[in-house]
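*Asks:* Pasting the relevant annotations from Swiss-Prot:
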{"type": "ACT_SITE", "residues": "GLU80", "note": "active site"}
{"type": "ACT_SITE", "residues": "ASP108", "note": "active site"}
{"type": "SITE", "residues": "ARG195", "note": "site 'Important for efficient shutoff activity and nuclear localization'"}
{"type": "SITE", "residues": "LYS198", "note": "site 'Important for efficient shutoff activity and nuclear localization'"}
{"type": "SITE", "residues": "ARG199", "note": "site 'Important for efficient shutoff activity and nuclear localization'"}
{"type": "SITE", "residues": "LYS202", "note": "site 'Important for efficient shutoff activity'"}
{"type": "SITE", "residues": "LYS203", "note": "site 'Important for efficient shutoff activity'"}
{"type": "SITE", "residues": "LYS206", "note": "site 'Important for efficient shutoff activity'"}
Amino acid sequence: MEDFVRQCFNPMIVELAEKTMKEYGEDPKIETNKFAAICTHLEVCFMYSDFHFIDERGESIIVESGDPNALLKHRFEIIEGRDRAMAWTVVNSICNTTGVDKPKFLPDLYDYKENRFTEIGVTRREIHIYYLEKANKIKSEKTHIHIFSFTGEEMATKADYTLDEESRARIKTRLFTIRQEMASRGLWDSFVSPREAKRQLKKDLKSQGPCVGLPTKVSHLTSPALKTLEPMWMDSNRTAALRASFLKCRKK
């Protein structure tokens, strides 16, 4: 799993995930499933933010060209991925500036258009159960919750999905990609089931090679939120080709 993570995700995302785990005394080389989950969550948070800006009229717009415009500001403030001290500093600054209530737990994003903190979830389990767990933990109607699953489902507070359909589809396609690449290497079952993960760890199973013809390398171009991978889900033709390649994967 560790090899898969380092190959599938941009190095800067991997580095952030490693720092996050070490801050809590966890070892990415041992808790590899958590390592993969944190990288996935980080990437979804960055994708959620990418290309979304607020214009001079306060309207939300999407800009993908990278053409600089001084009148535009990022719609989302990314809190996830920062060390705890810096993250709380950012949260306190937002609360002092906007007047919103300070959340009890660190959220993932702040939405300047809707003036609310946002909690992003990525689950391998039943989405409704995971959503309720998040809601019960946060216990605040003022923090917006948006959950994505690896099966293409999503659930959000009051069915308010915040982003346009295309932006959400990019996230779902990326999660689909991650799931299929894990499955092609025999890693998906252990990622979903902790019991299976322990069994594989005891047997010291090695990861299988990637599916023939399946892209496993990422480009390292700069995105608006982070120097993250160039999204291969951006182009519908490439997405269709990618899905077709999954169907042709040979089971070993």
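Quick reminder: no glycine exception, Cβ is built from N, Cα and C everywhere.
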*Asks:* Distance between GLU80 (active site) and ASP108 (active site) at the Cα atoms, whole Å?
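*Replies:* Their Cα atoms are separated by 5 Å.
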*Asks:* What is the Cβ neighbour count of ASP108 (active site) at a 10 Å cut-off, with all protein chains included?
*Replies:* 24
*Asks:* Tell me the coarse DSSP state (helix, strand, coil) of ASP108 (active site).
*Replies:* coil
*Asks:* What's the number of neighbouring CB atoms sitting within 10 A of the CB on GLU80 (active site)?
*Replies:* 22
